[in-house]
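Everything on this sheet refers to the single structure shown next.
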Amino acid sequence: MSSSSNSDPSSSPDNTDFIPLKDNPKDTSSYINKKNPFVNDSFDSHDDSYLDNVNPFEYNVADDEDTISMTSDGVEFHNLGITETVDEQDKILSELQLAYPTVSRYSETLDKGLLNGDKTTKGDYTSLRRFRKPFLFDKLSPYFTHFFSEIYAAVLRVVGPPRANETPGRNLPFSPILRQIYNHPLYNIFIFVVIVLHAVLLMIRSDDPHDKSQTIDYLIIVIGILYTLEMLLKIYLFGFLYDGSSSFYDFINSYTKKTPRTMSYLRHSWNRVDFVAIVALWISVIGKKQQGIFRLFSMIACLRLTRLLNITRKTETILKSLKESSTPLVQVVSFNAFFGVMIAILGVQFFKASLNRQCVWLGDYGDQYLPTGQFCGGHWENGIKRAYLDKNGFPSNVNPRGFICAEKSVCRVVENPYSNTVSFDNFFNSLELIFVIMSSNGFTDIMYDIMDAEYFVSCLLFIISAYFLTLWLMSLVIAVVTSSFIDLQHSGKNQKEQKSVDKHLIRNKLCEKYLFYSNFIWISFIVAQFVTLCTQTYDQTSSTANRYLIFYACVDFLLAAEVILRFFAYLPDYRLFFRRYTNLVDIVLAVLNLVTLLPSIRKNPVAFGWLSIFAIARIYRCILLIPYTRKIAKLLFSNFKQLLNLMLFLVIVLFIASLCAVRLFQDLPNDGDSDDDAISFATTYESFLYMYQILTSENWTDVMFAIQARLAHLHLSWIPGAFFTLWFLFSNNVVLSMFIAVIQVNFAPSESDLKMEQLKMYLARLLRNYNPFQASLTLNALIKRNGSRKGKTVDESHYEWLYEDNIIKGFLRVTNIPPKEPLKPSLDTSPELSKYSLAKLSNNFKRFVMRDDPFSQAYFKRVIGIRWEKDMNLKTAAKDMQAAKAFVRIKQTEFLKNHPKYNDVFWVIKPSNRIRRFCQRLVMPGVNERYGGVEPYQWVYRVIQVFIYACILTAVIIECIATPIYERDHLLNDKQHAWFVWTEVAFATIFTIEAAIKIIADGFCITPNAYLRSTWNCIDFFVLVTLWINLYAVLTSHALLSRAFRAFKALRVLRLINLTQTSQRMFHDALISGFFKIFSAAVVSATLLIPFALWAKNVFGGLLYSCNDDNVLSASQCVLEYASTPNNWEVWAPRVWSNPPDYDFDRFPHALLALFEIASIEGWVDIMRSVMDITGFNNQPQTNASSGNAMFFVLFNLVSMIYILTLFIAIIISNYAERTGSAFFTAEQRAWLELRRKIKSMRPSKRPAIRPLGLRGLCYDFAVQKHGIWRRTFTGLYIVHLLFLLTIFYPCPIAYTYVRNSIFLILSICYTINICVKVYGLSFYYFFHSFWNMFDVVVTLGSLTCNIAILAKFENRSLTLLQTTLLVLVTVHLIPKFDNFDQLSKTVVASLPSIFSLIATWIVLYITFAIAFNQIFGLTKLGLNGGPNKNFRSIRNALVLLFTMTFGEGWNDVMHDYTISYPNCVNGDDFYNSDCGNKPWAYGLFIAWNIISMYIFVNMFITVVFDNFSYIHTKSSSFTNLQRNDFRQFKDSWAPFDPMVTGYIPKRNAVKFVLSLRGVYDFRIYRDEHTLRSIISKVQSKTGQQSVPMLENPLMGSEINLEALDQIIDTIDVNVVKERRNVLNSLCTEIMTLPGNVISFSNILMLVVLHKIVDHREAFPISDYIRRAYVLSELEKSIRMEKLLGLVETSIIRKTFLQHMEEKKKALENPFILLSEVSEILPETPIQEVLRQHNADPEQLLMSTRTPSVSDRSFSIVESTVPTIASGEGDDNHSVEDHLKVPTDNEPRRSPSLKEVLLRGSHSLHSNNDRTSFDIEAGFGTAESDFQFGGATEDINRIADRIDDYLDRDSFKG
């Protein structure tokens, strides 16, 4: 060992691998070769695997000999005296294998792992060892070691998260000593304690800011000093920005290159956070205390506490997932912000000065000035509408609009709301309100205020912004976080070891039976106790309460005894009893329920109510008893630990955010508004509640606006706006999205089963196509019914391909398939049930009551389902489905023979009846194929269908016009001639005739094609009945009957869904296919709601009563009258002791309704504030008297968000993904679908193929260069343009407005010059081929015209709005300038078809519910939450109000307004004379709309966006490295072959085009160095070089170096060349088999990608894979056939040539023929003919290539219009039906025999026009032919293989 080894390690310049224990203590990942999957190689990557097993205890020399274990790489490890064979069930023992390199206590052998880091001395080695074997705790129990090791691991995670590839720091004086202090465990623990103490002190100071503030401030200063010393220590040891371990040049390059990072202080992300916090702390201490801007620095100082988020491994993992998703998250947020900025600019121009106008009450004599808060646009003055008054009291010069103030009041300009902080007067205020819209909570009040101040149409900006920004773009944020977290979950899930499931079997069968059957008895006791608790009320008598108590005690003792009996049933294996979690839970519940029976608790209503949760919790046994709820519940709780960790992460984040909010907003001055004064951040607890309220988004704008108003006088209102906005964005959109990801993972199949699930789903779709009971109901499908039925013929060859072993094995990538592989997918993850199960009993009951009806769809499903469950496998599926179909037909025939009247309508009208046959000629059967009837006349049927749909549409329009108010006004004037009544009679008659025709044609309910067998017919029939009932009620003036049935007429609108197939499919996916799953989720949600509702009733029942006079203290004082002052007007009113009007917990139904409203994240804040004021029974509430009660609603709200809202979202996402098939796609398949989408959307570049010359060439360069100076200049101009748009504000000086418009005019001229340059460079033809160019022309010329007109004093409001709109549209040009924006925009556009179909379906439901609400509540009195536009009195108002309720905006308050009843309303005898509400209809309609729209369709919107974004987000693919430059290179290669940019090139040029491709698309057989020209240039002999063998070539005129030629040929890889040649042959063959004589751009790009880049075995879904496999197989056969024909042609030519030579020889030997006459006599040889053609016209040879005509049958992947058997519902988005197909022939054909092929081979050189159909079929005919590939094809393949071998051998001979 060298002498230098004894020196200090810090002095060695090569000690770059030393990792100090502070920031990376003993990182052993490099020794054991375990790479952390979460490590990111980016700037701040970490590796914290060592933290899983940390032992901070010192080694005791007096300890006994320890055991040494060796790893695979020879590193020694202590195992702490624990044996290596650990029980799999004991996780703690397995985690105690602490992996830290040490040496044996008696061994002098050094650790090789540390020696690799140049630690060459024993002293250096031992000085670095800090983690050694404990002595005392390990002797007591290994659990102590694990416990304290976990604590220290948490300390290290908080204090100093490790970093990878760090250097040891700088070598300065005292560095070794300071480094030892820095690395000592006590130092880490001390810093951890300081951080925790800092948090505690901040919390204490917040709770009591006045008494203890000075002392705590001093302690915080001390903590700041400690933080500073820690920071200085790190800077001294490792440097601030640069540690000196490398050159400064390397340091600079480390920011841009992948080089090992230094350990300098600011190179670590957490250190940067610490640095900012410490600097802010000292600024806040030095600055003026808690005043002004220094509040912000006090808040920033709290960021040091964010290190507590690393306290557990899981929370640290959550942080890492956020860090991994930070880049796409920033991109998505920036993309959303861009559109938010655009709409904010429009908001400024549209609505500036709109919120500063209010109605001001002047009084009877005009001597008062009282702003009413009602926004307005004018006022009434002597019966005339007047415009509003400005701030000086002068009339404005605009027309009155919006809400018109009543007489004795004026509409006048006042201050904007919330101290002038809420408005659209400038960009920043407008942007804040736009973000409020994006938050989907709190924006509807602003929308209605704007509608009152402006026009009704103003709501369109809010509606469009809400759908586009909130549902569309903000869903991308959810998709980013969810996708990243799901990827992390899957990676962690793959690392987990599979646990063996222990089946806890009871040996005694008698005991097993006892446990099963007695379980129903005990559960009946639980249900009885639960129902009894529901019926108990707070105001019961003492005797009743005693009876209840006796019953509870009996049940509690019985259930406690049941637990004991259950324990004895497990004997003698009593350990099995404790292994079941349910037994442990029942023990705890039994003990706690017995404790609640103690007298001290029983006599305390509050304690008894809170502890009743333990009796309620027993209901979980009922949930687990029901199979469906048990499945969902187990799926939900299967990842329960991850949910708990997320909750812990959320609580820590909430705590830190609460402390930050207190530092910012504590003790703010009041602005005099009493409502704002109620919002206070005085304590940490209150701050916690408000921050949690913002997290849930419930009225979060009230908090933000109130705090902004208090800081307005300091001009710091931007601080709460930014703080609360960022907190909302992070907590609501990011953190809550993680819960969606956790739950969604539980519903996702495992990675290993994805392809098998695809195969099962594919076969299920085949089954649906075989189903004879499938019927299409869309108008489009009905009109084309005849043609579509012909297309349903199933191609048997399709099934042959599907069920061949090699195809299935190739897709599944397996070598063996189980012969009985079950096909039906199952979501049941629960263990197998015993034979004594409730499911078995229910199945027996179903079989007993079920009747067989072979004409029902359920019967077919049941028949095939029996085969599906038992016998069907991958190889016999097609035959089984055919057998099932035939079996059903046989059963139908037998059934009709046994029941001859079954097909008779009403048992009278037989199928042969003329009237019935006439009706059958008019309509199609609703379901099934018509049995024993006739088909309708197509043209008659089409006319009738169009007429019926026209009647439906007309009826809907009339319903929208004839509202109840319109009917009432019309009937008052002319009751006898109510046109809407008679039109309703006419439509009812038409629909009745339609129903009668359908019933006569196919029967009513029990015939094979009965009318009521169709779901839509059932709806129509129900609507028809209710329509006649309503007409009867109207004509007979029966008010109650009319109101009860008026709403049902709206159901007729649902028929409009059938206008398009996409909307019908979307309706089916949203409401029908997923109904059962959604219903199951609703049931599971109810199991959460019901226990919490019962608990809330027990706790808060009877405690919410209050007196309307705040001055009384109890119910006894709430009598007589008092002086009430509503709106500062004194009125005498009686005192009333009552509950809040909209909620209470006195009865169980009331509590259930209140919690259901809370579960929708609406109204829970008001309820929480009410229970916080409880003072006791019959006592007046006081503010925050029982503030702890708020935690009940915080807990329920959090649980409901996680287990109700996120459960619905996860289930809807899962159901939609399963319906479309995307749930089973692998990463490669998702990447392929995204690539396919890109290819389909690509078009050739719109530019000339040849660059022009001169000035036009320069303009051409400006137009086409993507990164040139011209493009960058205009990108800068667009940015400047956007910045000037941000400067629009109110009030704006006229001079600045003129300057700004002048600048916009100059910019518009620049844009016009840009257009002229592009037009001149590209020409008009190419310029106007681009959409962006046409858009540019329209927007630029429009903005130029508007700017000129405005500067020319032609200004008016409409022109200004148009100008602003066009100027905003100009900024859209920035999207294609940035790659991230361009990619995200394409993602948004990709989801357009699904979004439009969803919106179309949604609009139909909007109209349906709008008509229903209008018909029921069109005359109802307005409540407190109503307004001039916020009501159901017209359809347009109803639609807008339904829109607000879709986002949950106060839907529950509006619902309670419409439950108003007498005596608070007029309840007249006639419907038109009553303004009361209707409770049943209100609860039914509002809750139905809430579930359908807010829960289902909103989440469907998110699901569609998420489904499209998941393709973009996929990164794990072998071909995702295709960049935009690769596609641009392809376009550049295409341009010379398509100079007119038609998108097509002739097939004769296709091969030349393919060979011209370079880069990733290179198809050349030989590379550049192996081309003929390159080889010739290398082997040509130079003058004078004759030392090697030469060969003189007379054609080339030079000599060839044979040795050099041999060396070059030896470098050619024969296998690679052969593979390239095969790929090229396959591509060219497939191109030539396409129909037509041209090929499109997208088609050839698709073929190039498929042959060159994509591996279809990995990337294709099942339907695409099968088609592609078929195509490749046929291509291979075609190529082999060509080779065989070529061999035959060669033989024929050779034979002809020999005959020619023989004749020539004979002619030469003939003495009578001269030699010069031989060539004239003999005919031209075939070889000479080919050579002559080649020499005369080189292109002729390419043109003579066989190109099938348009009529030829193609099997290629492109331009397919033939419907495939796999096409079905949900398959349009995720299969390549339009790109891949299997041949399907309408009529059978016979393929030629091998003999015929060989005989016709001699004529293959003839022109393509001479080819017959047999020629084409020789290569491609397969369907229903006599040509069996099993025999003849083997001969062909054998011959072709021999030709292949011959050619390969001869090609490289010599």
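All residue numbers here begin at 1 and follow the chain in the order shown.
Even glycines carry a Cβ here, placed using N, Cα and C.
Copied from Swiss-Prot, the annotated features are:
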type     : residues  : note
COMPBIAS : 1-15      : compositional bias 'Low complexity'
REGION   : 1-33      : region 'Disordered'
CARBOHYD : Asn40     : N-linked glycosylation site
TRANSMEM : 184-204   : transmembrane segment
TRANSMEM : 220-240   : transmembrane segment
CARBOHYD : Asn310    : N-linked glycosylation site
TRANSMEM : 514-534   : transmembrane segment
TRANSMEM : 581-601   : transmembrane segment
TRANSMEM : 642-662   : transmembrane segment
CARBOHYD : Asn699    : N-linked glycosylation site
CARBOHYD : Asn786    : N-linked glycosylation site
CARBOHYD : Asn1058   : N-linked glycosylation site
TRANSMEM : 1075-1095 : transmembrane segment
TRANSMEM : 1148-1168 : transmembrane segment
CARBOHYD : Asn1184   : N-linked glycosylation site
TRANSMEM : 1193-1213 : transmembrane segment
TRANSMEM : 1274-1294 : transmembrane segment
TRANSMEM : 1302-1322 : transmembrane segment
TRANSMEM : 1331-1351 : transmembrane segment
CARBOHYD : Asn1356   : N-linked glycosylation site
TRANSMEM : 1358-1378 : transmembrane segment
CARBOHYD : Asn1508   : N-linked glycosylation site
REGION   : 1764-1792 : region 'Disordered'
COMPBIAS : 1771-1790 : compositional bias 'Basic and acidic residues'
CARBOHYD : Asn1773   : N-linked glycosylation site
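Shown here: features listed in Swiss-Prot, placed on the structure.
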residue: Asn310; record: N-linked glycosylation site; DSSP (3 states): helix
residue: Asn699; record: N-linked glycosylation site; DSSP (3 states): coil
residue: Asn1058; record: N-linked glycosylation site; DSSP (3 states): helix
residue: Asn1184; record: N-linked glycosylation site; DSSP (3 states): coil
residue: Asn1356; record: N-linked glycosylation site; DSSP (3 states): coil
residue: Asn1508; record: N-linked glycosylation site; DSSP (3 states): helix
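Among the glycosylation sites Asn310, Asn1058, Asn1356, Asn1508, the residue whose Cβ has the fewest other Cβ atoms within 10 Å is Asn1356. Ranked by Cβ neighbours within 10 A across all protein chains shown, the glycosylation sites Asn699, Asn1184 are led by Asn699. Ranking the glycosylation sites Asn310, Asn699, Asn1356, Asn1508 by Cα distance from Asn1058 (N-linked glycosylation site) puts Asn1508 first.
The glycosylation sites recorded for this entry are Asn310, Asn1184, Asn1356, and the Cα of Asn1184 lies nearest to that of Asn699 (N-linked glycosylation site).
The transmembrane segment (1075-1095) is in contact with the transmembrane segment (1193-1213), judged by 3+ CB-CB distances under 8 Å for residue pairs 6 or more apart in sequence. Same-chain residues lying 6 or more positions outside the transmembrane segment (1302-1322) and placing a CB less than 8 Å from one of its CB atoms are 1246-1248, 1252, 1256-1264, 1270, 1274, 1277, 1280-1281, 1284, 1333, 1336-1337, 1340-1341, 1343-1344, 1347-1348, 1351, 1363, 1367, 1370.
Taking the C-alpha positions, the distance from Asn1356 (N-linked glycosylation site) to Asn1184 (N-linked glycosylation site) comes to 55 Å. Counting C-beta pairs under 8 angstroms (sequence separation of 6 or more), the transmembrane segment (1274-1294) fails to reach the transmembrane segment (642-662), with fewer than 3 such pairs.
The recorded stretches the transmembrane segment (184-204) and the transmembrane segment (1358-1378) do not share 3+ CB pairs below 8 A when only pairs 6 or more apart in sequence are counted, and are therefore not in contact. Long-range neighbours of the transmembrane segment (1193-1213) within the same chain, counting only residues 6 or more positions beyond its ends whose Cβ lies under 8 Å from a Cβ of the stretch, are 636, 643, 647, 650, 689, 692, 696, 736, 739-740, 743-744, 746-747, 1074, 1077-1078, 1080-1081, 1084-1085, 1088-1089, 1092, 1096, 1155, 1158-1159, 1161, 1164, 1167-1168, 1171, 1495-1496, 1499-1500, 1502-1503, 1506-1507. Between Asn1184 (N-linked glycosylation site) and Asn1508 (N-linked glycosylation site), the C-alpha separation comes to 48 Å. For the pair Asn310 (N-linked glycosylation site) and Asn1508 (N-linked glycosylation site), the Cα-Cα distance reads 33 Å.
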